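Novice: This is the feature table in Swiss-Prot:
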type: ACT_SITE; residues: C83; note: active site, proton donor/acceptor
type: ACT_SITE; residues: C198; note: active site, proton donor/acceptor
type: BINDING; residues: D19, S20, Y51, G52, N84, T85, T199, H200; note: substrate binding site
Amino acid sequence: MLKTSEAAADVLKPVLVFDSGIGGLTVLREARVLMPERGFIYVADDAGFPYGGWEEEALKTRILSLFETLLQDYSPEVCIIACNTAFTLAGADLRARFPDMTFVGTVPAIKPAAERTRSGLVSVLATPGTVKRAYTRDLIQSFATQCHVRLVGSENLARMAESWIRGEPVSDEAVLAEIEPCFIDSDGKRTDIVVLACTHYPFMANVFRRLAPWPVDWLDPAEAIARRARHLVPLPQDAEHPDGFDFAVFTSGKPDFATRRLMQGFGLSVSSN
């Protein structure tokens, strides 16, 4: 595993994918399909997980400090912030602090939801931090004023998703309690789209579908985020996938066995850094 400063000068710079935990793997999976020539570094701030309960200024300071180190160590081509909470809070500050770096953000997919809905009833399933952020409400004001948008902030679902991804049991009753507020049945109309505004949630989409009181479109933004990154990352002629990258970094420095095994399933070794 290489830091960019240790790599040969002609090696393609890696793509850095950042999340509070392991939910950003949904974005990594799509990005790899579109950028096979690039190495990937997945950074999980598991020492700070979950982000939903943090005070805003403290979390913003933490994220900016982490990126001071990450950009110095790995000099990526682009950084994908695969976390709605992190980007809606600190995205503008990251771009201002590091103007030479390209950041691709993750925001609630409210615009495509508003374009697709037939009933006009859309729900946004997110963390409490994303729900209360002015950024989210600005998206609604800009793109969805013709819809009724319900914001559902789940305190527990990101943790449940982390457990579920690792193969640990999560009860149907507990999951249903988190997603049930998304479903509105009013005046002969029903919610027909639920925006998954946390990158952890798509891992549980099949569980959501099974438990939902009626079928809806569960909108996963991962592919759109990956397409945006592909658009911004140059594709050199005769590019070959570099050796030494494709690893995960955990800010705790101590991912458990189940997490290491999960990373291997995504083709990532775990950095000892």
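Each residue, glycine too, has its Cβ placed from N, Cα and C.
What you see is a predicted model, and the numbers here were worked out from it, not measured in a lab.
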Novice: Would you give the longest CA-CA distance, in whole angstrom, between residues of D19, S20, Y51, G52, N84, T85, T199, H200, the set recorded as binding substrate?
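Specialist: Among the residues the record ties to substrate, max Cα distance equals 13 Å.
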Novice: Using DSSP and collapsing to three states, where does C83 (active site, proton donor/acceptor) fall: helix, strand or coil?
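Specialist: DSSP assigns C83 (active site, proton donor/acceptor) to coil.
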Novice: If one measures from the C-alpha of C198 (active site, proton donor/acceptor) to the C-alpha of G52 (substrate binding site), what distance in angstrom results, rounded to a whole number?
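Specialist: Rounded to the nearest whole number, the Cα-Cα distance is 11 Å.
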Novice: Among the binding-site residues listed here, S20, N84, T85, T199, which has the most company in the form of other Cβ atoms within 10 Å of its Cβ?
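Specialist: Result of the Cβ crowding comparison: N84.
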Novice: Using the alpha carbons only, what distance in Å do you get between T199 (substrate binding site) and C83 (active site, proton donor/acceptor) once rounded?
Specialist: 6
Novice: I need the neighbours of the substrate site defined by D19, S20, Y51, G52, N84, T85, T199, H200. Which other residues of that chain put their C-beta within 8 angstroms of the C-beta centroid, in sequence order?
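Specialist: These residues sit around the substrate site: G21, G23, F49, P50, C83, A86, T127, T130, A158, C198.
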Novice: How many other Cβ atoms sit within 10 Å of the Cβ of H200 (substrate binding site)?
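Specialist: Around H200 (substrate binding site), other Cβ atoms within 10 Å: 29.
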Novice: Cα within 10 Å of C83 (active site, proton donor/acceptor): which of the binding-site residues D19, S20, G52 qualify?
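Specialist: Near C83 (active site, proton donor/acceptor) by Cα: D19, S20.
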Novice: Could you tell me which three-state DSSP class D19 (substrate binding site) falls into?
Specialist: strand
Novice: List, in sequence order, the same-chain residues at least six positions removed whose CB sits under 8 Å from that of Y51 (substrate binding site)?
Specialist: S20, D45, L59, C83, T85, A86, T127, G129
Novice: Three states by DSSP: which one describes C198 (active site, proton donor/acceptor)?
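Specialist: Coil, per DSSP.
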